[in-house]
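Trainee: Feature list, courtesy of TrEMBL:
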{"type": "DOMAIN", "residues": "96-538", "note": "domain 'Major facilitator superfamily (MFS) profile'"}
{"type": "TRANSMEM", "residues": "94-119", "note": "transmembrane segment"}
{"type": "TRANSMEM", "residues": "131-151", "note": "transmembrane segment"}
{"type": "TRANSMEM", "residues": "163-182", "note": "transmembrane segment"}
{"type": "TRANSMEM", "residues": "188-210", "note": "transmembrane segment"}
{"type": "TRANSMEM", "residues": "222-245", "note": "transmembrane segment"}
{"type": "TRANSMEM", "residues": "251-271", "note": "transmembrane segment"}
{"type": "TRANSMEM", "residues": "339-356", "note": "transmembrane segment"}
{"type": "TRANSMEM", "residues": "368-388", "note": "transmembrane segment"}
{"type": "TRANSMEM", "residues": "409-430", "note": "transmembrane segment"}
{"type": "TRANSMEM", "residues": "436-454", "note": "transmembrane segment"}
{"type": "TRANSMEM", "residues": "475-496", "note": "transmembrane segment"}
Amino acid sequence: MRFPERLYKRASISDDVSPHGSHELPRFSFEGDDRPLVSTERLFTQWSEDEETAYNPGFNAIESALKSEQDIIITWDGPNDPANPLNWSQSRKWIVTMLVSMFTFISPFSSTMIAPVLPTIGDDFDIPEGFMRQLVMTIFLLGYAQGPFVLAPLSEIYGRVTVLQYANLIYLLFNTACGFAQTKEQMLAFRFLAGIGGAAPQALCNGVLADTWRKEERGKGQAIYGMLTWISPCVAPICGAYISQGVSWRWIFWATSIFTVFIQVTALFFLRETFAPAILAKKAKHIRKAMKGIRQDVVVRTEYETGDRFSKILRKRLVLPFIMMFTHPATQAPSIYRAYLYGVMYLMLSTFPLVFEEVYDMDVGPASLNYLSMCLGFMIGLQISHPLMDGLYARLKTYYGLEEGLPEFRVPPMLIAGILCPIGLFIYGWTAHYGVHWIAPNIGCVIVAIGMIIGFQCSQAYTTDAYEANSQPKILIAGAGIGGLTAALSLHAAGFTDIQLFEASSTLTTLGVGINVQPSAVLILRNLGLLEALEKTGIQTAELNFYNRHGDSILSEPRGKFAGYAVPQFSIHRGEFQMLLLSAVKERLGEDAVHLGHALTGFKQNEKSITAEFSQRRDGAPAELSGISGDILIAADGINSTARRILYPKEGPPRFSGRMLWRGCLEREPYLTGASMVWAGHADQKFIAYPISQRSADKGKSLVNWIAELRIRGKDDKDLTPPKTDWTKAVDKSVFEGPFESWKCGGLEMKDLIDKTEKVFEFPMSDRDPVEQWSFGRLTLLGDAAHAMYPIGSNGASQAIIDAETLAKHLKSMTADVVGALKAYETERLPPTAKIVMANRANGPDHVLQMAEERAPDGFKNVYDVIPREELEAIGTIYKKVAGFEMDSVNNKAKETDGECDRLQLKSPKDWI
């Protein structure tokens, strides 16, 4: 089978050669027939099983780019791309591992190598004993602690290896300068600056190993890396002592610099960049250079580029570590604890010359061998810390019956460290003070070192687990309608902050007409802190009245709070409701979280991310952010969803019911209760009216939203294509007003409503067939994109709101597995919404109108003579169950979540209230 790597704006799989207009670029998305991209795993499975889909070294990306008419997104040339560090040979991976381990070895080596000669350095520079003399050694550690705040963010911009090598040059320069220092001030300054440069391996080398080795392969490499990290500060004083016995103490610095030069030169030849964004950026630069002067109209970028300015990226990367350090307890507490342990360790190491040379009268060389006791303790600690930590973690997880353990389960072993360290320090200090045999203080050192390792490893594991459990995925939402905006608010309430919304329209205004929001959805909005704003905007629906076309009453039932629900049902202007939600989103997520003029045109995904592509709907030109990558893409882009069209290319347009809707709004005197809904007619001719504005009610008026519905195609017509209409343009009333000329019911005259309405808009009543799948890897559908339904039963907006809450719930509980969370959301929501779609096709609760028409076409005096009470009431009861707003379930949930918005400190938008 030929599986050409040809790029499209379609994220599906195909065996066919792409037609004209595609370009052969290595990406994780392919033009397809009717087979959707079920998951990233499926794509990678196909890739690995078919040799012809593997990396093609003859593929000419530049040549294809020159033919392209689309933006070019640079990524790996398939899963077997040899440029990907994960695909490097074993020998090359081990070379990388050994080189970064040597970088990591030399850095802490420099921190303690001068411990045996501190007295000599102090005498040469007139540095008094005590704090100032110890500072000569420990000030390196101060720079070592500050360096990662700058070096780690820079590595995410320029690449790990690049920053590592430049930082190592800084270390090399100032470490060499220490050997030439003539004053204590020079020595302290050079040591501090050398520490900043020497911090790079600590900050970056773990990332290099993660880039190079897959998780299942990483153990041995990290074991060697970790072992050298702890051995280094213990071996360094021994080397420093024996060097100083033969030559000047200055050669301690020069010798380490010579060794560093050897590592640096070797790395220049054998250590290549491992950070994927940096590798792909270089590839993109090469293609841009080749295209310069030939094609200026095509944007070439990597899948990691977001479109942010460099200054913004740099500012964000540099500021974030400080924000985390000063605002995140999961960073603060472990960091302070590790800093304390580091301080104790270096304090002990700096006292070895005093203890073993002066108290035990050993020469410099033999005295330095006592550092091996610390080395022995570190080795023992490394052997027991992981089994101890992992074993206790597993037992606590079982004890509490949890599938996933908590970060706090890493804390109990730290109690052991808290006991061992003081005991070891007491033995070391007490026995040395009284001159007990030299083995005694060494035993104390071993105990201290074991405790330190346990403390270090547990605190590091706690921080790692805490951020894995609470890591923030980047969430992209296509569509800023009711579903998309509510999804953003629900995700924010669930603790997610990196959320971006993209709306196709270049402006958002109060367009549209009235809708109803059922109590089940209002409860969700209450918990999002929006109830006060809803009460000031919409009408709390009091009752729903059904009439036949003669004006005879079929059924009148209370709604919302008037029926006993804990929360109201609202009738509200769709545009005002959307603006309310938008205002809340901007207030909580920031103005820059919403991007207008961004119509979704395509997407692609790989095992780590998904990239959404946007253009301007008006002319198809690239949007400001023509492509942006994230962890999740939520397609809430409506009944004509681009994402759904890509996933189901053979589905076609929405399915037309044969019925057309004409809608308008008119402010007039209140009717009935002033909060009553009127439903009149039958399946082929219907009129609906209800008030939608509390602001009008406050003036003693009623802003009535009305809908006239007529069948324009026969029930047996096989053409299900909706007629072309523009719902933003007013239509001639004569098209539909005739059949409603004599209708009167519920205190309303339908002709009067139509005649006095200034503008009337036309909508085909359409839906879509339920599908078997919403979630595809890192993409999922929401709202009308997932389950477009007839506007029957006042359920479309409500179901989108329930979608949003459900999705946020699963993402919160499965943050580490976003693909699984999207499938869990689909599993919970797809079946019930499919039932609602089909129930609405059968007219849902409006079926009572058709029953009355069929059984008494000329009208009736008492509806129960036509439809028994039990049968009449059962229709509404069954529909409420299908649609998920049974009173008991809503009220129970309302009780369980009472005070939720106060706990989360969520309030209605200030500008709305």
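Heads up, the Cβ atoms here are built off N, Cα and C, so glycines get one too.
Remember, TrEMBL labels are computer predictions, not curated facts.
Mind mapping these onto the model and telling me what they sit next to?
Mentor: Per-residue confidence over the domain 'Major facilitator superfamily (MFS) profile' (96-538) averages 85 (mean pLDDT, predicted model).
Within the chain, the transmembrane segment (94-119) has long-range Cβ neighbours (under 8 A, six or more residues past its boundaries) at 85, 88, 133-134, 136-137, 140-141, 144, 164, 168, 171, 175, 194-195, 198-202, 205, 208-209, 212-213, 221, 224-225, 228-229, 231-237, 239-241, 244, 249, 252, 256, 259-260, 263, 266-267, 270-272, 274, 346, 349-350, 352-353, 364, 367-368, 371.
Residues 96-97, 100-101, 103-104, 106-107, 110-111, 135-136, 139-148, 150-152, 155, 160-161, 163-164, 167-175, 177-178, 181, 218, 221-222, 225, 274-275 of the same chain lie 6 or more positions beyond the ends of the transmembrane segment (188-210) yet place their CB under 8 Å from a CB of it.
Outside the transmembrane segment (222-245), and at least 6 residues removed from its termini, the chain residues within Cβ reach (under 8 Å) are 97-98, 100-102, 104-117, 120, 205-206, 209, 251-252, 255, 345, 349, 352, 363-365, 367-369, 371-372, 374-375, 378-379, 382, 453.
Same-chain residues lying 6 or more positions outside the transmembrane segment (339-356) and placing a CB less than 8 Å from one of its CB atoms are 111-112, 115-116, 118-119, 134, 137-138, 141, 145, 233, 237, 362, 364, 367-368, 370-371, 374, 417, 421, 425, 428, 432, 438, 441, 445, 448-449, 452, 455-456.
Non-local neighbours of the transmembrane segment (368-388) in the same chain are 115-116, 226-227, 230-231, 233-235, 237-238, 240-242, 345, 348-349, 352, 355-356, 362, 413, 416, 438, 441-443, 445-454, 457-458; each lies 6+ residues outside the stretch with a CB under 8 Å from one of its CB atoms.
Note on the transmembrane segment (409-430): residues 337, 341, 344, 348, 385, 388-389, 392-393, 396-397, 436, 440-441, 443-452, 454-455, 458-459, 461-462, 465 of its chain, located 6 or more positions outside it, place their CB under 8 angstroms from a CB of the stretch.
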